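Everything below concerns the one structure shown next.
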């Protein structure tokens, strides 16, 4: 049953994440073919009980964020502070003019948050005022002194691992953050600790072991392997396209502008290589063909750049929780010569799709002067795509 409380979410994404390596903020690294922050935001942006999502960013990351979150609706990002605590306060202040009843505060570095966990967070905050998701500690914990010697063994039955989203009545947590700022306290590692400091009782609710925080390079390696293992529904598709030559001074081939003594006769830019790849991906999805998604009778696609079509097809895979594993396209033509352009074309396809260039093949052949390609009347292209989708015991993607 939908909640009657107005709920907003703050996505804390201003940190640098240097321990994760890779030379940039970890929230913009990809995992399973998608950025960490995109995965973290999706469940909140699509949750029926969350009316607003407030990102908090380092302003230097704005262009990366805009690209990663392009498919979502969210409030204008707030600028983060020098600490996580300062960043959360910035997000709370950004929401204050249209204050929600409940606010969920979530770390962007936890990309596997689920709608069910969000619902539990809202319910818990509604009942308790302040609540955190928690999971039981299964290992024995040792407390050590300055030398590293064990001096205590806490009772693990009384210990919990706190996660996010942490959920609060909005006014309560905003007041707590403002008080901490006034008193110069900026050392709280999560919002529950700050709430405890001002005297609030913080409840716990069932967390999710999969809702882990990505911190180290090893975390990324482990989660990549876990995601890959879950994508057991391996599918292939094929595509074919052909366009005749017409007037012009260049051809678009696999996203590359190739000078030539003619152009293509086509409704869009006529890129036979990308069109064949689009059909291959859609075929693997059993999701129609390029003509059903971009009908030539629709004037909005007149002269359209075909990279839009290919990006759309890849996004269809991503929307179903999958990834593109391999792409191959073969150009059939006498001219132009594809060999000198091969790596440029592979790089362009990689840029459009987000697929590693090592998983993209561009090949070429001729028809030995036979048929319309042999007479240099046009170009044909064939393509294949391999995709991986989530599998369940009924053989359907989830």
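Heads up, the Cβ atoms here are built off N, Cα and C, so glycines get one too.
Annotated in Swiss-Prot:
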type: REGION; residues: 1-234; note: region '2-C-methyl-D-erythritol 4-phosphate cytidylyltransferase'
type: SITE; residues: 19; note: site 'Transition state stabilizer'
type: SITE; residues: 26; note: site 'Transition state stabilizer'
type: SITE; residues: 156; note: site 'Positions MEP for the nucleophilic attack'
type: SITE; residues: 213; note: site 'Positions MEP for the nucleophilic attack'
type: REGION; residues: 235-398; note: region '2-C-methyl-D-erythritol 2,4-cyclodiphosphate synthase'
type: BINDING; residues: 241, 242, 243, 267, 268, 289, 290, 291, 365, 366, 367, 368, 372, 375; note: 4-CDP-2-C-methyl-D-erythritol 2-phosphate binding site
type: BINDING; residues: 241, 243, 275; note: divalent metal cation binding site
type: SITE; residues: 267; note: site 'Transition state stabilizer'
type: SITE; residues: 366; note: site 'Transition state stabilizer'
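The Cβ of residue 243 (4-CDP-2-C-methyl-D-erythritol 2-phosphate binding site) has 22 neighbouring Cβ atoms from other residues within 10 Å, across all protein chains displayed. Residues belonging to the region '2-C-methyl-D-erythritol 4-phosphate cytidylyltransferase' (1-234) score a mean pLDDT of 92 in the model.
The binding residues for 4-CDP-2-C-methyl-D-erythritol 2-phosphate are recorded as 241, 242, 243, 267, 268, 289, 290, 291, 365, 366, 367, 368, 372, 375; their greatest pairwise CA distance is 30 Å. Cα distances from residue 275 (divalent metal cation binding site) to the recorded positions 26, 213, 267, 366, 372 are smallest for 267. For the pair residue 268 (4-CDP-2-C-methyl-D-erythritol 2-phosphate binding site) and residue 366 (site 'Transition state stabilizer'), the Cα-Cα distance reads 24 Å. Candidate binding-site residues: 243, 290, 365, 367, 372. Nearest to residue 213 (site 'Positions MEP for the nucleophilic attack') by Cα distance: 290. The secondary structure of residue 241 (4-CDP-2-C-methyl-D-erythritol 2-phosphate binding site), as reduced to three states from DSSP, is extended strand.
Between the CA atoms of residue 267 (site 'Transition state stabilizer') and residue 366 (site 'Transition state stabilizer') there is a gap of 25 Å, rounded to the nearest whole number. The shortest Cα-Cα distance from residue 243 (4-CDP-2-C-methyl-D-erythritol 2-phosphate binding site) to any of the recorded sites (26, 156, 366) is found for 366.
Taking the C-alpha positions, the distance from residue 156 (site 'Positions MEP for the nucleophilic attack') to residue 372 (4-CDP-2-C-methyl-D-erythritol 2-phosphate binding site) comes to 75 Å. If you take the C-beta of residue 290 (4-CDP-2-C-methyl-D-erythritol 2-phosphate binding site) and look for same-chain residues 6 or more apart in sequence within under 8 angstroms, you find 239, 241, 275, 278, 279, 282, 309.
Residue 366 (site 'Transition state stabilizer') and residue 26 (site 'Transition state stabilizer') have their C-alpha atoms 46 Å apart, to the nearest angstrom. In the three-state DSSP assignment, the secondary structure recorded for residue 275 (divalent metal cation binding site) is helix. Excluding 241, 243, 275, which define the divalent metal cation site, the same chain contributes 242, 266, 270, 271, 272, 273, 274, 276, 380, 381 within 8 Å (Cβ to the Cβ centroid), listed in sequence order. In this structure, the C-alpha atom of residue 365 (4-CDP-2-C-methyl-D-erythritol 2-phosphate binding site) lies 42 angstrom from that of residue 26 (site 'Transition state stabilizer').
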